[in-house]
Amino acid sequence: MYFSSLCKFLPISEKEKIYLNIVKKRFCKSNIYYNNNNNNIINYNKRGLKFYPFCNNLKKNINFVNINNKKGINFHSINKERKMASEVPQVVSLDPTSIPIEYNTPIHDIKVQVYDIKGGCNVEEGLTIFLVNNPGKENGPVKISSKVNDKNVSEFLKDENMEKFNVKLGTSKHFYMFNDNKNSVAVGYVGCGSVADLSEADMKRVVLSLVTMLHDNKLSKLTVVFEINVDKNLFRFFLETLFYEYMTDERFKSTDKNVNMEYIKHLGVYINNADTYKEEVEKARVYYFGTYYASQLIAAPSNYCNPVSLSNAAVELAQKLNLEYKILGVKELEELKMGAYLSVGKGSMYPNKFIHLTYKSKGDVKKKIALVGKGITFDSGGYNLKAAPGSMIDLMKFDMSGCAAVLGCAYCVGTLKPENVEIHFLSAVCENMVSKNSYRPGDIITASNGKTIEVGNTDAEGRLTLADALVYAEKLGVDYIVDIATLTGAMLYSLGTSYAGVFGNNEELINKILNSSKTSNEPVWWLPIINEYRATLNSKYADINNISSSVKASSIVASLFLKEFVQNTAWAHIDIAGVSWNFKARKPKGFGVRLLTEFVLNDAL
């Protein structure tokens, strides 16, 4: 404004020179249109300059010299009059319009058979692995006590040959030899440590050692002999983890999928009292795919997974499972006055999409449950941009992990078909981006329950979307509301990468979640909601601020914020920010699918 007022006293010719100099120095680099005949010249006419108000008085076309003398600067813009080719908005025609999802994976083709170990184990082909421990001796020698129905292999596995190796957790060895039928077989072990009862973390280390051997060897058959004691839940967890870790996600590679990968066709398991474990096999396969389905959504980059394509994937899933579904668009959300949720998505080119799938069992419904997943398909932080070291902006495609867990649970529930329940799978999906339309720090927005919220930080967006989703869930008249979200990075500091935190307003419901945590082997720790911290959310101008005035206990304070949007319904909030992503393996865990499914199947009634 100051510069323009000075220029009005200059002659027109001098003013034009100053304007042109500014355009050349400040704006040309982002708006260069090359002449095909001469890459050093661009034609910048009045139409191009009209977007800069101080250039509107220029009366002629002007040829500018290319100031950087470099060939090829891509500049993409969206024309308001452009008609989109598909439901998913695109900047250029090459932009993806759907999320590639594998429904039939090689794991589904593996034939699994469970045998009783009392009859001895056969070593016929492929790889045979003994899971061994030595209670009380962490580095104790390997001793294989199972009967082996093969003389050559049995001779090799005698104590004098194996005692040079130890059972330290995760250690493994395998050897090639000929069996009695002169067939080449691989036989080995995985150490399970010194404890009699393995934890889920211990079992995962065992499985990872086993998967490494499978990936290193092209085999058609795997046989696992359990010389350790496991209950049914841990046995199922072994199978789920084996299937999940064995499967590789190569959807976005240009080469043929799994061109160098040959999956086994048969899995044999020897264990005591085999009949009690057989029923867990198919359930494990369902849990595996529910988790892998969620993982596929989380792993999909944000140019593939956006609010529209994610809602399309939810509809596709519902149709496959015969679930009821509806997707609410911006118009319906405006009618529901979801101002908090709508504000977060204002900066994105993709419209908000609210996912609502419903499973209704046949017969009497004893419990109605709403599962609510946070669904931010990419979180830039908004105007409070994730620019600081450690903000992990490159990983923010995973901020819809809660939504993915809920949809993965929908797959499991729709497949296993529990009785006497009605389940609502909900997610307020949007993208938190920076643009001229984005909501700003300091804005005051109104949620669907009428509460006004001062936006203290645009990077505290998840709680705003969940606020309206929780209000929506309670209006469904459900008995329980459980939300699951990558809500606060503080969970990494409080519980690390192994445990999720659970908060809530109902002790009975939280205990059900904790029990589901044990049976699903997805660890959850009960954290308190401390009401005296509510004062840190006070706002001078609105009913509440979306961020605390203190940096302390931010996960608890975030739960206090959510609590404001649930009135009379039992509610639990599960924060999975620390456990959703496997940082070492650089892939999603799909955390929460088994936890929520176990809750629905066994603990909700």
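Quick reminder: no glycine exception, Cβ is built from N, Cα and C everywhere.
The annotation Zn(2+) 2 binding site is assigned in Swiss-Prot to Lys374, Asp379, Asp399, Glu461. Around Asp399 (Zn(2+) 2 binding site), the C-beta neighbours below 8 angstroms that are at least 6 residues distant in the chain are Lys374, Ile376, Thr377, Phe378, Asp379, Asn432, Gly462, Thr486.
DSSP assigns Lys386 (peptide binding site) to coil, not to a helix or a strand. Listed in sequence order, the residues of the same chain lying 6 or more apart from Lys386 (peptide binding site) and placing their CB within less than 8 Å of its CB are Asp379, Ser380, Met392, Ile393, Met396, Asp459. What Swiss-Prot records for Lys374, Asp379, Lys386, Asp399, Asp459 is peptide binding site, and it gives a large-scale study or a structure entry as the kind of evidence.
Under the heading Zn(2+) 1 binding site, Swiss-Prot lists Asp379, Asp459, Glu461.
The list of residues near the region 'L13 loop' (384-401) in space but at least 6 beyond its ends in sequence, with Cβ under 8 angstroms from a Cβ of it, reads 294, 297-302, 305, 310, 373-378, 427, 429, 432, 434, 441, 457-459, 462, 486, 576, 580-581, 588, 591-592. The annotation region 'L13 loop' is assigned in Swiss-Prot to 384-401.
Feature annotation from Swiss-Prot assigns active site to Lys386 (among others).
Feature annotation from Swiss-Prot assigns site 'Essential for hexamer stabilization' to Lys386.
In this structure, Asp399 (Zn(2+) 2 binding site) is part of a helix by DSSP. Taken from Swiss-Prot, the feature Zn(2+) 3 binding site applies to Asp394, Met396, Asp399, supported by experimental evidence.
Annotation source Swiss-Prot lists active site at Arg463 (among others). Over all protein chains present, the Cβ of Arg463 (active site) has 26 other Cβ atoms lying within 10 Å. Under DSSP, Arg463 (active site) is assigned to a helix (H, G or I) in the three-state scheme.
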Quick one: Cα separation, Asp394 (Zn(2+) 3 binding site) versus Glu461 (Zn(2+) 2 binding site), in Å?
17
Sparsest Cβ surroundings (other CB atoms within 10 Å) among the binding-site residues Asp379, Asp394, Asp459, Glu461:
Asp394
Where does Lys374 (Zn(2+) 2 binding site) sit by DSSP, helix, strand or coil?
coil
Lys374, Met396: which of these binding-site residues has the sparsest Cβ neighbourhood within 10 Å?
Met396
Recorded peptide site residues Lys374, Asp379, Lys386, Asp399, Asp459, farthest C-alpha pair in Å:
18
Grab the pLDDT values for the region 'L13 loop' (384-401) and give me their mean, rounded.
92
